[in-house]
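J.: What follows is a structure written as structure tokens; I'll ask about it next.
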Ligand SMILES: Nc1ncnc2c1ncn2[C@@H]1O[C@H](COP(=O)(O)OP(=O)(O)OP(=O)(O)O)[C@@H](O)[C@H]1O
Ligand SMILES: Nc1ncnc2c1ncn2[C@@H]1O[C@H](COP(=O)(O)OP(=O)(O)OP(=O)(O)O)[C@@H](O)[C@H]1O
Ligand SMILES: [Mg+2]
Ligand SMILES: [Mg+2]
């Protein structure tokens with residue numbers, strides 16, 4: 001099945017100030033194949049694809065598309081040549097609706113007007129093809145991040161491109177949606193469309209990809225056929241060493257109850273939620289997209305003004321009116337949306353990490369001790385292996401996964417007693433994931449109580465000792481993790497109670 | 001000789017002061033002296049700065065048209081300290097050493113307008129006063145004189161007193177609104193011609209030109225033309241160009257060590273058809 | 001039966017109120033003023049108010065588009081004065097035909113706006129500084145061109161645009177409605193309009209979608225200059241005089257109308273309908289204060305307080 | 001050998017230039033002006049310029065902080081006038097001691113700023129509208145308090161703050177430098193300052209990091225009111241008179257200084273050093289145009305053009 005090569009990138013080099021993001025990288029793509037691009041956070045995957053799409057100019061190298069050398073000045077030219085890209089960081093317009101976003105710049109027209117009838121119809125078609133139920137007239141700002149991700153996918157797919165780049169398309173999707181996406185990819189393959197697939201979930205790579213290219217530190221490490229390799233080997237290529245198991249064997253040591261929630265209700269968001277949490281345990285929260293897991297977490301964290309119900313902390317009833325109250329009590333929430341809610345992109349790594357604990361590192365009780373601040377940042381850069389030229393780098397210049405590590409560092413710096421992780425491993429590479437799992441183990445060893453919200457069911461199943469499942473803003477039931485399996489969780493998550 | 005005169009004008013966004021400046025410039029040319037003009041755009045602090053800038057250039061005499069009589073004192077003192085004699089035009093200063101003051105009296109002008117209206121209406125009628133920018137000396141003084149006059153007559157009543165920013169468009173808008181709320185108006189006095197002309201358009205558009213007489217202030221070209229056409233009843237002429245000329249003449253005298261009068265009044269004139 | 005009817009009506013009213021949330025401040029203002037002054041809610045006064053609002057409204061429409069892209073334009077007042085002066089000068093001094101003179105005035109405003117657009121979109125300079133500079137430059141041009149003196153003496157044809165009527169409706173109002181409809185449709189129904197929202201919402205994303213954002217921005221600033229010129233010509237005609245200082249401070253009034261109307265200064269969301277409501281709030285307020293003969297110093301306090309109250313009511317009703 | 005030395009020197013100069021990129025527009029302006037006017041680069045004139053700049057600079061420092069949080073304050077000019085008038089009135093009309101009067105003036109400005117802060121941070125109203133309303137309200141208060149007339153007749157102690165000297169250095173300059181240093185340190189070295197940047201960069205994220213963003217914002221607006229009051233008192237002392245209309249239009253000057261200095265209007269990045277450079281550009285320009293005796297209408301054009309050029313040079317040099 002020797003297919004023709006549609007794209008060849010040769011010797012691609014790209015430097016940012018202080019960072020050599022790509023160093024003589026080769027990459028090739030054949031018609032009708034799904035070609036995985038894997039590597040640790042900051043390996044240069046997104047950058048390579050941005051160079052391909054004319055978003056970043058390259059310093060060196062050649063791009064040969066369908067036999068012709070090409071030089072794209074901007075995305076429009078790349079689009080014209082048949083390239084489409086799903087961006088890792090969502091690039092949507094908040095106040096335009098779904099249909100307008102999908103066809104932005106490519107609207108059907110009726111004279112000088114947009115032909116909305118056709119626009120909505122075509123949007124329905126694309127969304128149907130993706131099998132998702134999103135209103136074409138809904139504004140992007142009202143969609144949760146998973147739906148936004150589906151819109152981003154629809155946008156790229158609708159371009160009928162010959163080459164489709166997917167930069168971590170599944171990082172915010174639930175299993176069901178991932179299945180739908182994979183079916184779609186299978187169909188696109190039949191249409192001889194070439195797909196570049198970037199993901200940190202290696203099982204996905206083995207499920208749908210034909211070949212894999214591995215990058216490490218901006219360098220090309222190798223290219224292999226999926227059928228000729230296995231996870232361990234890929235991981236070794238990526239990180240240069242072996243990682244035994246995906247999930248560590250967790251040791252729970254639940255002691256005293258630290259947090260108890262009773263009838264917590266937020267109008268339109270959460271319906272009478274009750275549960276309790278012990279020190280030294282990990283409570284998993286599972287549910288489908290939009291089931292209200294994030295809202296529950298935010299309600300505890302004091303984000304909503306209007307709410308009812310009681311929160312007991314170490315047996316005492318407390319009022320959490322703002323995130324500041326929560327943090328002062330030792331509760332920290334890690335947002336699922338690092339770009340909007342987690343980071344100040346224009347500040348440095350050090351400034352982001354220290355922001356919650358700034359008041360505890362003062363000189364003369366007034367001035368920020370910048371040595372302490374930088375040391376703190378350097379500690380986490382080392383501990384979490386954050387890839388950055390220095391702690392002074394602006395966060396917006398980090399790769400997606402490394403940005404996530406910065407948010408986690410910020411959380412750890414407060415030495416919290418209750419941690420709510422909302423999709424903590426979004427966009428994080430295998431090695432780093434394992435480090436985060438280890439970190440959770442360390443946290444519970446220290447008697448910290450952890451709540452883990454994750455759309456990756458295996459994560460919830462393997463890391464928690466108890467699981468509560470949500471459905472339509474309500475807690476449907478609780479499962480013991482040792483006995484629970486995927487099926488039991490899904491049953492509750494879709495609204496069917498266990499007999 | 002090489003005489004250098006500094007002229008600090010309060011604003012050049014108003015034809016009145018443009019006339020004043022041009023009068024000064026033409027006289028300077030006639031007398032063969034150099035004149036440096038700075039414009040404070042009605043900002044007292046900017047005036048102080050620009051006077052300081054003039055002093056840096058070693059002028060021989062400073063003519064200042066104050067934005068404000070009190071605030072200008074700092075500028076005058078600065079000139080005094082630098083040994084530069086000061087002449088004020090149009091508005092006076094409340095302190096500092098001023099060798100000569102050349103101006104007409106705004107309070108008297110307001111009173112003149114008030115008396116004229118009362119006379120025309122046989123001392124009985126309803127009058128609207130369009131005020132200038134609140135807090136400016138022209139608005140204060142003209143309003144003061146006008147209301148002094150109104151108080152003299154039993155039958156005269158000021159039924160509306162509204163600010164219209166010395167601006168023609170605002171004068172029109174404010175007048176339109178006042179017309180809505182006041183079915184009976186006999187006369188309008190505006191603190192300047194721009195507002196009077198704006199009010200005139202509003203009154204004409206409302207078809208009430210026959211009932212309402214309008215009096216302005218400053219005698220700018222447009223207003224004089226309107227008076228001649230019978231659209232405005234009167235305007236008060238202050239002769240800004242003459243003021244400018246007299247100021248430069250006086251400045252040259254001062255520079256040459258001649259005696260000058262402490263106060264030279266520039267006569268006001270009521271311009272009617 | 002009756003109760004049911006009542007309920008339905010109540011619901012309808014609530015729904016309508018809900019739809020026009022931006023108008024609630026205006027509505028309350030109108031109700032209060034109609035109790036306070038018998039002259040306020042009369043047909044002549046209402047016509048009077050909408051005629052007064054038309055000039056600033058047309059400027060605000062352009063400003064809405066600029067702000068939707070995330071920009072700002074401080075030069076509208078100066079562009080307005082410049083265009084008015086040029087048109088007037090062409091007629092009075094150069095003896096040109098009315099329509100040609102108007103055309104040149106409009107072209108002048110558009111050109112200044114176009115320059116703003118180039119500096120913002122191509123040279124990537126901050127809109128605030130660019131248009132602040134244009135504010136002084138265009139004012140300077142106007143003063144130089146007019147030598148600081150008003151230009152007047154127009155013929156009847158020219159007077160029509162500012163002082164004429166179509167039936168009982170003043171021409172400026174007709175022109176304003178025309179532009180309201182055009183720009184409403186432009187923003188809602190055309191790609192150009194949607195791109196304006198897109199740029200304000202996320203400029204990078206818009207660019208990544210292959211849209212020439214620079215071209216759109218240049219067009220928006222040019223259009224804004226054009227609309228300022230339209231206002232300038234109407235004002236000149238209405239005043240029967242081109243004032244070199246006219247339009248001073250209009251930038252703040254226009255921006256206030258846009259923001260009062262619910263458009264966010266950071267761009268991306270807002271409507272031109274909101275803007276006209278915002279402009280009406282300001283105009284109704286000025287009219288009401290004049291009718292009530294509030295004395296000048298207290299007018300300032302009242303004006304500020306009412307604007308604050310109006311925006312407060314609006315935002316509260318929207319949060320529900 | 002010599003060549004090497006030259007190279008090193010060249011490199012050093014380039015590096016220095018690079019560090020003070022924001023200043024490049026100012027530098028070129030100074031060089032050009034010193035060639036054009038013999039009076040320009042003299043000690044008295046330099047002192048003259050920095051004394052002139054001090055009042056607007058102090059206002060701009062507060063504005064920098066407000067803009068860094070992503071806000072804006074149009075009421076600075078009015079708060080300045082109000083504080084100046086209150087201090088003057090307390091001394092002249094109420095016969096209070098100078099220092100008590102100054103204290104009350106400062107408190108008045110701070111209170112107005114505090115109110116702005118509450119409306120923006122707590123009631124979540126748009127800063128533009130809130131401060132526009134405050135601009136008229138505070139101006140109204142000032143006119144009511146002074147009855148539209150200037151207040152004057154101060155004693156020598158009070159005169160010292162605006163007209164006094166410390167050695168050869170005018171007191172307003174001393175005060176300005178003091179605040180420059182304080183606010184520089186506040187922004188760079190204290191948690192409060194860091195939070196200001198964080199809020200401007202991403203308010204939601206900052207709040208979720210446990211920072212009471214509302215409190216910080218209220219404090220920033222109050223501080224801005226305080227600094228406007230400081231300026232108001234210096235100006236009153238310098239003019240030897242509290243003018244009810246003083247400070248009009250200062251909001252645009254202050255914002256211009258901030259934006260010229262490289263602070264982004266959307267918040268999150270910028271420095272107070274940039275702001276003082278921005279303020280100096282405007283002051284040097286005004287001074288230069290006066291020294292060169294450019295006639296007033298052409299001054300407007302020249303001023304706009306030079307500002308445009310300065311910001312253009314700055315941004316280009318920063319892009320390199
Ligand atoms: N605009 C930029 N400026 C400076 N450095 C950048 C920029 N964009 C990316 N980098 C750096 O280039 C390197 C490669 O980044 P890239 O985003 O390609 O990584 P990635 O492989 O996609 O990682 P991830 O899996 O975390 O998304 C990183 O070190 C990153 O910090
Ligand atoms: N501003 C809004 N207006 C209307 N609906 C909204 C708005 N924001 C969120 N929603 C909806 O609220 C629901 C909750 O979304 P959210 O993603 O936060 O829940 P979740 O259970 O945490 O899901 P996820 O799996 O994405 O973490 C979704 O159905 C979403 O579409
Ligand atoms: Mg990436
Ligand atoms: Mg969620």
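Here, residue 1 is simply the first one shown, and the rest follow in order.
Cβ atoms are placed via backbone N, Cα and C, with glycine included.
Where the annotation comes from TrEMBL, it is an automatic prediction and has not been curated.
In case it helps, TrEMBL gives these features for our protein:
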- C:20-41: transmembrane segment (TRANSMEM)
- C:53-76: transmembrane segment (TRANSMEM)
- C:96-115: transmembrane segment (TRANSMEM)
- C:127-145: transmembrane segment (TRANSMEM)
- C:165-187: transmembrane segment (TRANSMEM)
- C:218-235: transmembrane segment (TRANSMEM)
- C:255-285: transmembrane segment (TRANSMEM)
- C:297-313: transmembrane segment (TRANSMEM)
J.: Of the listed stretches (C:20-41, C:96-115, C:165-187, C:218-235), which one yields the highest count of Cβ-Cβ distances below 8 Å with the transmembrane segment (C:297-313)?
T.: C:20-41
J.: Cβ under 8 Å, sequence separation of at least 6 from the ends of the transmembrane segment (C:165-187): give me the contacting residues as numbers and ranges.
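T.: Contacts of the transmembrane segment (C:165-187) (Cβ under 8 Å, skipping residues fewer than 6 from its ends): 47, 50-51, 53-55, 57-58, 61, 64-65, 68, 193, 196-197, 227, 230, 234, 238, 271-273, 276.
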J.: Who are the chain neighbours of the transmembrane segment (C:20-41) in space, where the CB to CB distance is under 8 Å and they lie at least 6 residues beyond its ends?
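T.: Sequence-distant neighbours of the transmembrane segment (C:20-41): 260-262, 273-274, 277-278, 280-281, 284-285, 287-288, 291-292, 306, 309-314, 317-318.
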J.: Cβ pairs under 8 Å only, please: of the recorded stretches C:53-76, C:96-115, C:127-145, C:218-235, which one is richest in them relative to the transmembrane segment (C:255-285)?
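T.: It is C:53-76, which has the most Cβ pairs under 8 Å.
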J.: What parts of the chain pack near the transmembrane segment (C:96-115), using Cβ distances under 8 Å and only residues at least 6 beyond its ends?
T.: 62, 73, 75, 79-80, 82-84, 86-88, 90, 134, 138, 155, 157-158, 161, 218, 221-230, 232-233
